[in-house]
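Chemist: My questions all concern the structure below.
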Amino acid sequence: MPHVTYPGFPRIGRRRELKRALESHWKGDSGADELLAVARELRQRHWKLARDAGADSVPVNDFSLYDHVLDAAVLVDAIPPRYRDLAARDPLAGYFAMARGHQDGDVDLHALEMTKWFDTNYHYIVPELEAGQRFAARPDKVVAEYLEARAAGHVARPVLLGPVSFLRLSKTVDGSDPLALLDTLLPAWLGAIDALADAGADWVQVDEPTLVLDLDAAWREAFRRTYAAVAAHGRVRILLATYFGELGANLELATSLPLAGLHVDLARAPDQLDAVLDALPADRVLSAGVLDGRNIWLSDPSTILPRVDRLLARLGNDRLWLSTSCSLLHVPIDVSEEKHLPAHLAGWLSFARQKIAELRRYADAVAGDDAARKTLARQHEIVASRQASGDVVRADVRARVRQLTPQFGQRRSAFSFRADVQRERFGLPDLPTTTIGSFPQTNDLRIARAAHRSGKLDDDAYAAILRDEVRRVVRFQEEAGIDVLVHGEPERNDMVEYFGEQLDGYVFTSLGWVQSYGSRCVKPPIIYGDVARPAPMTVAWSAYAQSLTDKPMKGMLTGPVTMLQWSFVRDDLPRADVCRQIALALRDEVHDLEKAGIGIVQIDEPALREGLPLRRADWDAYLAWAVDAFRITAGGVSDATQVHTHMCYSEFNDIIEAVAAMDADVISIETSRSRMELLDAFTRFQYPNGIGPGVYDIHSPRVPTEAEMADLLARALRVLRPDQLWVNPDCGLKTRGWPEVSDALRGMVSVARAARERLAVTV
Ligand SMILES: CN1c2c(nc(N)[nH]c2=O)NC[C@@H]1CNc1ccc(C(=O)N[C@@H](CCC(=O)N[C@@H](CCC(=O)N[C@@H](CCC(=O)O)C(=O)O)C(=O)O)C(=O)O)cc1
Ligand SMILES: N[C@@H](CCS)C(=O)O
Ligand SMILES: [Zn+2]
């Protein structure tokens, strides 16, 4: 019978136990021992859950207190000099300082950069290296977790990030080539392999997801050299794991590396199956990622079972592992915890636990177990029933999408004309200040929302609390001297889930948490049917906020690409079509805001870059429909309505032309963590419209100094016109506390005013 396993499991816990333990520790309410005890309990629980669901072996070291790439840096002692003192005194404090920054008396440490993990909504900490970097093996964590799993009776397989992907995902402070560090990195990394071998490890899973990217000759050679050395070193059997797409041009490379096994993604790239089987040497294990680790739909046995049959026929039991396409980090843990989903809908879903059980079923079925085959036949009927369900396909929505013409994506006039009309309407100063939308989501707000949801707080009482909060946010912004105000988004649990809850075609879960970064989680809503807007979603809040002030109030929407990207998307319609449906629903909201007198509307698209295909050859097609969807949403408003957009969490240098093609009047864009690296793009491309490169990092509790913000603004002024520059933070303030926000925004306004005065003197 094939071996059943999975590349990794969610860490946060069904009820976000890790989140609570981390945040309590960070607040100083609990010690390291308590945090580590929760972490141990979660690992144990998850291994047991996987075994009970049918896994034959479990991965270890997929668990992390914050991030697995940060763990990979610590594994080889790649701790940047500024954290070393703290890390030597208190390793856990040093670890969290790298992840989130640290301010204590004279010690003031910035966090390391954070960016998207491939095209997912998970964020990793970017290792910071330098030319001449030294590495050393620090395998304590992985060895301890391996021994822990063994002691609990599991067949355990340590997981390490491979050295080549580690370097590819790192950055060097001095701009030197990270690949130049390979020869010094390898001995340290092999030291970790030795420690695992000494502890008794047999298989080690080495993740090299960069094998699904476009690789130039130098990176391909790095793979060859690394794995020749790893194979020569011996000691353990290596399962080389690739995921998030097809190997494509790297297939020959991946299958020729002299290792014991290869994991491939057959969910995103089922078509590579035959090529992989043909190329795989006869002594290799194939870990076949047959079920989608990135989505939540129950698989269709009419597609998967023949595939597994074929795999077994070609490989035999000893060489076939059945697995999910990638780590289950990207899906929630257990559908059976969902008590409020319509029953038929819950039956269509498969979270981490169900996926492992599905793998077991396929393994049993191909081994001749009739009961498993019958269960799969029933599963096929359930999956097929989705298409027959009344609300999955709606004629009105389909007709509206069919009737779309290029006109829908056009503003009435060009930006230069609109800019004059808007200057006249709003009368803003140079370097206008604004924020990205959300203000602190205080505990009181979240408790009130939970009470409202559970029926303990009635609609009026909840709305009164939210109105109070909007008033507080508006008053604060007026006092702080901000020019374009926001209402603060207190009514939103999340910028995507909130809209998902109000749109037809979406359902949402109660406990479908997925880690976004560190202790932060999201509950991606599920798009199961055609999307339509039954009623206005934000107009009442924006109109109320505008009624409190004479300053312009920005309406605040999440854009169509982000609504798509941060949801679990139906698998029976092309993503571009789903995106157009969402765009039309949001377009109606934009028009309703305009009619209600809201002169500025921000349509957030933080996930536009994240949705970019991993292979360059696929970029243009994606960008065409993604930019088009944004333009459909924003199109048709009057010239006097100022459309903003916002992007964060990614690097935008390589798509800046597409960002410009969205033709938003103003974009606020994350830049401060990378110290305005984005500005390099403007030396080759003159961004035409208004732009606010973030002047401070909101992801860290650290309050920026005015000097830091002034420095970033000065850098921006070197490559952007003063008349196009806005001053704003990097992203929304929902994760921050009021005292930090108040200090930081007052500082930001004072920096903008000082810069305005300097500009007035120089012109
Ligand atoms: C901008 N970002 C977002 C991404 N993806 C999204 N879908 N949304 C985003 O905003 N991707 C990129 C970035 C990632 N950044 C973040 C930033 C912050 C968070 C975050 O704070 N998440 C919250 C959960 C938010 C939420 O849904 N809250 C709900 C439920 C609150 C809750 O926990 N209630 C308690 C009861 C109250 C109590 O006692 O405390 C409960 O139900 O038990 C709400 O506000 O109603 C988080 O907590 O992690 C995520 C991504
Ligand atoms: N308007 C949102 C954007 C986050 S990317 C916010 O301010 O939180
Ligand atoms: Zn943002």
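Yeah, the Cβs are placed from backbone N, Cα and C, and that goes for glycine too.
Those TrEMBL annotations? Automatic predictions, nothing curated.
According to TrEMBL, the protein carries these features:
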DOMAIN    7-312  domain 'Cobalamin-independent methionine synthase MetE N-terminal'
BINDING   Arg16, Glu17, Leu18, Lys19, Lys116, Asn121, Arg520, Cys521, Trp566, Glu610  5-methyltetrahydropteroyltri-L-glutamate binding site
DOMAIN    431-753  domain 'Cobalamin-independent methionine synthase MetE C-terminal/archaeal'
BINDING   Ile436, Gly437, Ser438, Glu489, Asp604  L-methionine binding site
BINDING   Ile436, Gly437, Ser438, Glu489, Asp604  L-homocysteine binding site
BINDING   His646, Cys648, Glu670, Cys731  Zn(2+) 1 binding site
BINDING   His646, Cys648, Glu670, Cys731  Zn(2+) binding site
ACT_SITE  His699  active site, proton donor
Chemist: Should we count any of the binding-site residues Arg520, Trp566, His646 as near ligand 1, judged by a CB under 6 A from one of its atoms, and which?
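Modeler: Arg520, Trp566, by Cβ distance under 6 Å.
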Chemist: For the C-alpha pair, I'd like the distance in angstrom between Cys648 (Zn(2+) 1 binding site) and Arg16 (5-methyltetrahydropteroyltri-L-glutamate binding site), rounded off.
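Modeler: On Cα coordinates alone, these residues lie 25 Å apart.
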Chemist: Express the distance between the Cα positions of Trp566 (5-methyltetrahydropteroyltri-L-glutamate binding site) and His646 (Zn(2+) 1 binding site) as a whole number of Å.
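Modeler: Just about 15 Å between their Cα atoms.
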Chemist: Find the average pLDDT over the domain 'Cobalamin-independent methionine synthase MetE N-terminal' (7-312) in the predicted model and report it.
Modeler: 97
Chemist: Who sits close to Glu489 (L-methionine binding site): which same-chain residues at least 6 apart have their Cβ under 8 Å from its Cβ?
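Modeler: For Glu489 (L-methionine binding site), the qualifying residues are Gly437, Ser438, Phe439, Met495, Met556, Gly732, Lys734.
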Chemist: Arg16, His646: which of these binding-site residues has the sparsest Cβ neighbourhood within 10 Å?
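Modeler: Arg16, out of the binding-site residues Arg16, His646, has the fewest neighbouring Cβ atoms within 10 Å.
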Chemist: If you draw a 10 Å sphere around the Cβ of Glu670 (Zn(2+) 1 binding site), how many other Cβ atoms fall inside it, taking every protein chain shown into account?
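Modeler: Other Cβ atoms found within 10 Å: 25.
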Chemist: Taking the centroid of the Cβ atoms of His646, Cys648, Glu670, Cys731 (Zn(2+) site), which other same-chain residues have Cβ within 8 Å of it?
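Modeler: What remains near the Cβ centre is Ile436, Pro606, Met647, Tyr649, Ser668, Ile669, Gly694, Asp730, Gly732.
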Chemist: From Leu18, Ser438, Trp566, Asp604, Cys648, Cys731, which binding-site residues have a C-beta atom under 6 Å away from some atom of ligand 3?
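Modeler: Close enough to ligand 3 are Cys648, Cys731.
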Chemist: Which of the recorded positions Arg16, Leu18, His699 has its Cα nearest to the Cα of Glu670 (Zn(2+) 1 binding site)?
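Modeler: The answer is His699.
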Chemist: If you skip the near sequence neighbours and keep only those at least six away, which residues in the chain come within under 8 angstroms of Leu18 (5-methyltetrahydropteroyltri-L-glutamate binding site), Cβ to Cβ?
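Modeler: For Leu18 (5-methyltetrahydropteroyltri-L-glutamate binding site), the qualifying residues are Arg11, Ile12, Val38, Ala39, Leu42, Leu65, Ser519.
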Chemist: Measuring Cα to Cα, tell me the gap between Arg520 (5-methyltetrahydropteroyltri-L-glutamate binding site) and His699 (active site, proton donor) in whole angstrom.
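Modeler: If we compare the Cα positions of Arg520 (5-methyltetrahydropteroyltri-L-glutamate binding site) and His699 (active site, proton donor), the gap is 11 Å.
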Chemist: Return the count of C-beta atoms lying within 10 angstroms of the C-beta of Trp566 (5-methyltetrahydropteroyltri-L-glutamate binding site), excluding that atom itself.
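Modeler: Trp566 (5-methyltetrahydropteroyltri-L-glutamate binding site): 24 neighbouring Cβ atoms within 10 Å.
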Chemist: Where the criterion is a Cβ under 6 Å from an atom of ligand 2, which of the recorded positions Arg16, Leu18, Arg520, Cys648, His699 meet it?
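Modeler: Cβ < 6 Å from ligand 2, in sequence order: Cys648.
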Chemist: To the nearest Å, how far is the Cα of Arg16 (5-methyltetrahydropteroyltri-L-glutamate binding site) from the Cα of Asp604 (L-methionine binding site)?
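Modeler: Here the two Cα atoms are 27 Å apart.
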Chemist: Tell me the coarse DSSP state (helix, strand, coil) of Trp566 (5-methyltetrahydropteroyltri-L-glutamate binding site).
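Modeler: Assignment for Trp566 (5-methyltetrahydropteroyltri-L-glutamate binding site) reads coil.
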Chemist: I'm trying to understand the geometry here, so how far is the Cα atom of Asp604 (L-methionine binding site) from the Cα atom of His646 (Zn(2+) 1 binding site), in Å to the nearest whole number?
Modeler: 5
